[in-house]
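Trainee: This structure is in structure tokens; I'll ask about it shortly.
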Amino acid sequence: MRLLLSVLLLLVASLGLVSAVPAGSSITPPPPIEPIQLLSSRSTDSRRPWIRLRDRVIESIWGISKDSSHHRSVKDSPRSRSPSRSLTRYGSDVVLRFHLRNAEEAEALAEATDVLFLDVWASTSEFVDIRLAQEVIPSLLGLLPDSLRTAYTPLIDNLAEMIYATYPTRRPVGFEDHPGFIPSVRQSTQFGDLFFRDYQPLSVIVPWMRLMASMFSSHVQMINVGVSYEGREIPALRLGTRGQTAEPYPRKTIVVVGGSHAREWISTSTVIYTAYSLITRYGKSHEVTRLLEDFDWVFVPTLNPDGYVYTWESDRLWRKNRQPTSLHFCPGIDLDRAWEFQWDGERTRSNPCSENYAGTEPFEGMEAHQLAQWALNETQTNNAKIVGFLDLHSYSQQILYPFSFSCSSVPPTLESLEELGMGLAKVIRLTTHEIYDVTSACEGTITADDQARNRNSPPKKPIFPTGGSSGGSALDWFYHQLHTDYAYQIKLRDRGSYGFLLPSEYIVPTGKEIFNVVLTFGKFLVGDLAHNINLDWDAELQRTEPEEAPASQGDEPAPATQQVLQADVEDEETEWVEKARSEFRRR
């Protein structure tokens, strides 16, 4: 009788698992939206309710006593401290880096990832990063040639913990002792620093944007560039001092977009940081003031608000938008593959379960279509000419210029694109000593050094087509359809140590890199006109000081209140001195 009752309980507890899909598969049916359960004093038992009920009944029927030491080890495990949803979804997931040696290996790996619907995080000429569940690793290796079965290294083996670390929450006592988490000594001191100390959800970003437009109404306007599939507005900040009277020539406009892919949080934070830096320096810096007088700057923090919200509420690593497809359990369209120019989704990305699914026709991705319509309206009816386009993504630290759809088509302004691209990479190197490779988007898997050595050779085919070039990109559409003179896709930090889960202490350093990119971009566009005015562009560049770098684990931070007050005074004195020096140089 006991045995029969136990079997029945096991069957009941297993009903919810009948339709389960392995954690490494991209066709996992999305769970219902509910707030993330962050750490608290509640129980850390990660077992599902039915599992806990089953275990208790079996323990009482068979008289099994609880092993206190076992439960203590689970409670003390760093993995058990992750949010319950992250642990359930990604508890067994890892990120592997495969080292490629030839095109045959790349082709075999690409085919295997397509067959298993794996999530390719990044691809270069030397390696490919892939996320998958541990139980899927044998299946993947079985599809690969012998040379690749040992040619990989674990890149991330604590994915759930790293996901948890990206959320803005107070870490529990003892969690900072884990080697994967390094606290920062320098506390945030100003309003802007406090805002950029953590990643922010859309429910915080939108009111912040309204606040900026209200506080700085002379040169900031909050607009919407469209509406998402789920009905959310796609907010943007327009910076500039366009006069009330009609201008004789179209107003030159630069568009900066982030968050096309929902999980790339650093792109959204970087767009906001760059906008904030320009907003607060207007009227104080001759250089920034000149940029806002000569151009309109439109900053779109997240083109994919539905997907961004979903990464906060359900799945941190969601990439696409939330639009339904022909397969109800595989929603979403890749917004950077959905644009009309050279769209090739029917030929290369026709599977709705693919992370790169481009839809059934051009502009089926609603948010991409909305941005395109807004841009066309700006140029046709709002007396604007979009002269610059910066599309921020992550990760791999690359500055990419057109074309993305093919390496056989050479952009007519190639030399200018390369010249400015190299200048942008140089200013980043001067800012934080980080190296960004510069190449065409179709050769995104070929490093700048390779390109320099083979500049006179025919264009190369990307070694890993799954993560390489493609048609239907926003980059190509703005450059070709709108005749945007300078269009770039910038893949932000890092090179793989954290991937899409870049810790929040790198928000400000990455933001400084792109703020300096924007200054250099504007300086380049101003061109010869700037020679008539004494502008010191270098004085405005933001640099990351040594004390702003993440601290080592042995550092002892000062008490929070004392440190903040002291830092406030130091920052104000430094700002005043720098302004005085700048004014002295101008005179």
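Even glycines carry a Cβ here, placed using N, Cα and C.
The following feature annotations were taken from Swiss-Prot:
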SIGNAL    1-20  signal peptide
COMPBIAS  68-79  compositional bias 'Basic and acidic residues'
REGION    68-87  region 'Disordered'
DOMAIN    198-525  domain 'Peptidase M14'
BINDING   His261, Glu264, His393  Zn(2+) binding site
BINDING   His261, Ala262, Arg263, Glu264, Arg319, Asp336, Arg337, Ser394, Tyr395  substrate binding site
DISULFID  Cys330-Cys353  disulfide bond
CARBOHYD  Asn377  N-linked glycosylation site
REGION    542-573  region 'Disordered'
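Provide an account of the burial state, proximal residues and distances for the features listed.
Mentor: Regional average pLDDT for the domain 'Peptidase M14' (198-525) in the model is 91.
His393 (Zn(2+) binding site) counts 20 other C-beta atoms within 10 Å of its own C-beta, drawing on all protein chains shown.
There are 25 other Cβ atoms within 10 Å of the Cβ belonging to His261 (Zn(2+) binding site).
For Cys330 (disulfide bond), the count of additional Cβ atoms within 10 Å of its Cβ stands at 20 [all protein chains shown]. The secondary structure of Cys330 (disulfide bond), as reduced to three states from DSSP, is coil rather than helix or strand.
All chains included, 12 other C-beta atoms sit within 10 angstroms of the C-beta of Asn377 (N-linked glycosylation site).
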Trainee: Taking the Cβ of Arg263 (substrate binding site) as the centre, how many other Cβ atoms fall within a 10 Å radius?
Mentor: 26
Trainee: Out of Arg263, Glu264, Arg319, Arg337, Tyr395, point to the one nearest Cys353 (disulfide bond) in space (Cα versus Cα); all of them are binding-site residues in the record.
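Mentor: Out of the listed candidates, the nearest Cα belongs to Arg319.
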Trainee: Here are the recorded positions: Glu264, Arg319, Arg337, Cys353, Tyr395. Which has the lowest count of other Cβ atoms within 10 Å?
Mentor: Cys353
Trainee: Three states by DSSP: which one describes His393 (Zn(2+) binding site)?
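Mentor: Where His393 (Zn(2+) binding site) sits, the three-state DSSP reduction gives strand.
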Trainee: Within 10 Å of Arg319 (substrate binding site) (Cα-Cα), which of the recorded positions His261, Glu264, Cys330, Asn377, His393?
Mentor: His261, Glu264
Trainee: The record names His261, Ala262, Arg263, Glu264, Arg319, Asp336, Arg337, Ser394, Tyr395 as the residues that bind substrate; what is their largest Cα to Cα distance in Å?
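Mentor: 17 Å is the greatest Cα spacing among the residues binding substrate.
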Trainee: Centre the Cβ atoms of His261, Glu264, His393, go out 8 Å, and tell me which other residues of that chain have a Cβ in range of the Zn(2+) site.
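Mentor: My list of surrounding residues reads Gly258, Gly259, Ser260, Ala262, Arg263, Ser267, Arg319, Asp336, Leu392, Ser394, Lys491, Phe500.
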